[in-house]
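What TrEMBL records for this protein:
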- 1-21: signal peptide (SIGNAL)
- 22-225: domain 'GH16' (DOMAIN)
- GLU96: active site, nucleophile (ACT_SITE)
- GLU100: active site, proton donor (ACT_SITE)
- ASN104: N-linked glycosylation site (CARBOHYD)
Amino acid sequence: MASLAVVVTAVAVLLVAGVAAAKFDDVVQPSWANDHMVYDGDLLKLRLDSNSGGGFVSKNKFLYGRASADLKLVPGDSAGVVTAFYLSSGGDKHNEFDFEFLGNVTGEPYLVQTNLYIEGVGNREQRIDLWFDPTADFHTYAVLWNPSQVVFMVDDTPIRVYENASTVKGHHHRGGANNTNTSIPPFPSPQPMAVYSSIWNADDWATQGGRVKTDWSHAPFEATFREVRVDGCAWAANATDSDAGEVRRCTESSYGKEGRYWWKEKEMEELTVHQSHQLVWARAHHLVYDYCVDTDRFPVQPPECAGR
């Protein structure tokens, strides 16, 4: 299996729940609390109540590519509720790329927290507020991942870029001559990842630092998916996560049986000029927290933050 390009989406306005379930079931399966992953017509919902949250995981893993979800977040009073969409490998030295959507009281904005775990180490949180109401309609949240960069996108607007310092050539490089931290920034090693989503109660920290608790009188809380898509180099089902042949195939090849590996082409090694402008705009107007400038947490600046 050389390439994974699986779409879960509506195929007809009158699609019955059973058919919708079959479409989603081609790609994902419950990861916990099976009865809290429910189908509503052509949509999939993850549900949180006072008993449990719920989640799903993709049936296949992939190495490099793009994973995305069309998602409508919990409406109304969602304080204490976290919905996550993320990629993760396995084991103690795992890599992970997170979208975490932090609920809020009615009328206050959601915060979107992104994070990266590299070889099992996280603590790379950044937060933005969104320029739209994510509960009113579906929006696309995506992660592009290749040997050069990891890009978090909202409706195709980059909101965060994490680059491989050993390959970066353009103007996104974060190095600074005056920075005393000369360590080489880490970059995720080639480990196959699965796609996950979950909803859970995190009222000890998620909303206003944990000061606002979940109001269970508003349960159940539901996050709604219209589409989940993975377009990447599919990891062979019978291969171990450390299979050198699979790493070589996904890392060195340019084509698979289902087409070209577009995410590895030259123009995907860094943002376009237009995307760079979008990134600057998003961060200038919507960034509310960046671990790179949090000197209370990090008196010694992390190496990937050099020059910031």
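Positions of Cβ are set from backbone N, Cα and C atoms, glycine also.
Keep in mind that TrEMBL annotations are predicted by a computer and have not been checked by a curator.
The structure, with features from TrEMBL marked on it.
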residue	record	Cβ neighbours (10 Å)
GLU96	active site, nucleophile	18
GLU100	active site, proton donor	19
ASN104	N-linked glycosylation site	21
Averaged pLDDT, computed only over the residues in the domain 'GH16' (22-225): 92
Between GLU96 (active site, nucleophile) and ASN104 (N-linked glycosylation site): CA-CA distance (Å): 25
